[in-house]
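Q: Marked as compositional bias 'Basic and acidic residues' by TrEMBL: 560-571. Residues or ranges marked as compositional bias 'Polar residues' by TrEMBL: 593-602. For 322-395, the entry in TrEMBL reads domain 'G'. Taken from TrEMBL, the feature domain 'NOA1/YqeH-like C-terminal' applies to 438-536. Annotated region 'Disordered' per TrEMBL: 60-81, 560-602, in sequence order.
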Amino acid sequence: TEMIIRTLSPSKLKRLLSFSLTSHTHPNLINPAPSIPPPVFHPQQHPYSLNPAKTLFLRHSSSPPNTQFPPPPLTRDGNYDESTSQSLLICPGCGISMQGVDRGKPGFFVKPLPKSPDYKQPINQSRFLEETHISDSVKTGMLTEPKNAEQENPNPNSNFSLLEKPLVCSRCHSLRYYGQVKDPTVENLLPDFDFDHTVGRRLNLVTGARTVVLMVVDAVDFDGSFPRVVAKLVSKTIDENYRGWKEGKSGNVPRLVLVVTKIDLLPSSIAPNTFERWVRARAKEGGATKLTSVHLVSAVRDWGLKNLVDDVVGLAGKRGQVWAIGAQNAGKSTLINAIGKCVSGSVTHLTEAPVPGTTLGIVRVEGVLQGQAKLFDTPGLLHPHQISTRLTREEQRLVHISKELKPRTYRIKAGHSVHIAGLMRVDIEVSSADSIYVTVWASPLLPLHMGKTEKISKMLEDHFGRQLQPPIGQSRVAELGEWVRKEVRVSGICWDSSSVDIAAAGLGWFAIGLKGEARLGVWTYDGVDLSVRNALVPHKSRNFEVAGFTISKIVSKADRASNKQQKNEITKKKKVKKPNDSDAAAPASSISLTFDAQPSSS
C-alpha cells in the first residue's frame, strides 16, 4: 500500500482518503453514523482548485463586486451637498459617485478584504546552514514567525505603520499607480460639467455665505486654459451684486482670484513683476475685468502658496465657500493638495495625473480652511479649441510640458517655413526685413523642421505621421481635421528680442523677432484657437537651429524605419530583375569585340 500511495497524485490521493473515511465506521459503535457523501465541487462557490498543495499559498487580493452599492445616477455634483454625501459613496479622488456592480460604468470600485495588522511583519530569514537540522515546519511547507518579533524589528512603527489609504474608484487607482485610464470611453457616459447650473446659480444668490472663485490657469498655456466664460460670468455677477449693495439691498459680492500655476515651467529669466503685468493684461482681454488679486504659484516647488493661502483665508472668512475653477489639466487638484499640506500639514486625497479630465465630480475638501469655510474642487472645463483634446494618450504625452521650457530659435528669410511636429506651421510669406528670428516654445519631445515653403506638399506626403509626430501614424492626420491657414501681420523694432507671440491652444507658441513688418501664414487644424499677443518671453536662444529636422528620438526612429523599408524594396527589385547566366555573358563578349576593333581601325 505504501508503494501505491507514493505513485498516486495528490488529487487522486485526496479522493481515496475521503472515500475511505466516509465508508468505514468504528467497530465499537452500536449505531454507526450514516455515510457522508463526498463533497461536490461548485465552480461558482469555490473558484479555486481544491488541491491543498496549490491553495496553501493563495490569497484573495480583493473581494468580488459589492452589490450593496448599486449604480447611482450619472452626475457630476459630487459631494457638494452634505446630505448627498451621506447617502452616496463619493470617491475622494475624483468626486464621482461610486458603485460596485457594473464595471462598464463610471465609479466602479472593489472593496478590499480587511487585512490583519501584522500582515507585513518580517519573515524569519535565517539561513539553513546555521540550523542543526531541517525543522518540521520547512518539511510541511509552513513558514514560522520569529519567536521575538520585537528583536527582529525594534521599531515596527517606522517601517510597517502605514497611513490608512482612502477607498477610491478603480479609475483613480489606475491613474495613481499606472498613470493611465484602462477604458477612457467610460467617461463619455457622464454629462458635461455645466458650470452655469452647478456653480453659476449659486453665485447669483444675493444671500448666504461669501463666495470666492479661484480661477486656475496654466502658465505655459495661458490663453488656451483661460476660462473666458467663467471670467465673464463672475465679473458680471460682481457688477450686479455690487450695484445692489450700493443701493442698500442685500448683495453677496463674489471675489475673483486669478491663480497662475506651473510657473516653474517658464524660463527663470522672466521677472515676476513683468510677468504679473502681462497676466493682468491678458486676463482683462479675456473678460476678467473685476479681479480681486493675482497669484503666481508653483504647487510642485511651493512657490507663492503661503501668500495665496493667507489671501484666500482672509477673503473666505469662517463661513465662506471657495471654488477652484479651471480648464482640464490646469493643475487644480495638484494646487489643492499643496494648499492642504501648507495649511495644516494634512494630506488630501485628490487624484493627480497628467491626463485631461482627472476630476469627474465636485469634491468637498475637508480640514483645509478654518471654521465652517468649505473648499471645493470641480471637474475641469472642456475647451474644444485646445488641440490636446483631439490627441490620444500617447500623443498627449509628447505635447505635455513637464520641464522648464528651453528656446529653439531659427534665423530664416521669406519663403521658408517652420513646423512644430505635425500640429502647427508658420510660413514667412512677405517680409521687409532680410532676416526674421522665429523661436519655438513647446515640449522638447516634439520634433521641429525648417525648410522651403515650396516643398510643403512633399513634406505633408512623406513625413506627416512619421518624422513629424504627433499625429502618430499617417491615418491620424485625416482624423485630426482639416489643415487651415490664418493670416497674421506682425511688426517689430529690433532683432534682439521677440515682439509678438503666435500661440496655439494646448500646444505652445512661436515668438517672432524682427525689425520691420512681415506677413505670416499660420497653419493648424480647423477649430484650434490661435491667439496673437505681446511676447511672453522676449529673449531667444543663443545657438540657432539648422535647416531640416531637429535631433529627436521620433525622427531617429522614423528614419530607421524608412531606411529599412527602402532596403527591403531594393532587395525585392534585385531578386525580380536578376539576369540568368546566358544573358550575363553576352554583354561581356560584345564589349571585348568593340575594344579589340579600335586599334586595328587606326
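Every residue, even glycine, has its Cβ placed from backbone N, Cα and C.
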Q: DSSP helix, strand and coil counts for the compositional bias 'Basic and acidic residues' (560-571)?
A: 12 helix, 0 strand, 0 coil
Q: Which whole-number mean pLDDT does the model give the domain 'NOA1/YqeH-like C-terminal' (438-536)?
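A: In the predicted model, the domain 'NOA1/YqeH-like C-terminal' (438-536) has a mean pLDDT of 93.
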Q: Residues sitting near the compositional bias 'Basic and acidic residues' (560-571): Cβ under 8 Å, six or more positions beyond its termini, same chain?
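A: Here the qualifying positions are 466.
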Q: By DSSP, how many residues in the domain 'NOA1/YqeH-like C-terminal' (438-536) are helix, how many strand, and how many coil?
A: 15 helix, 51 strand, 33 coil
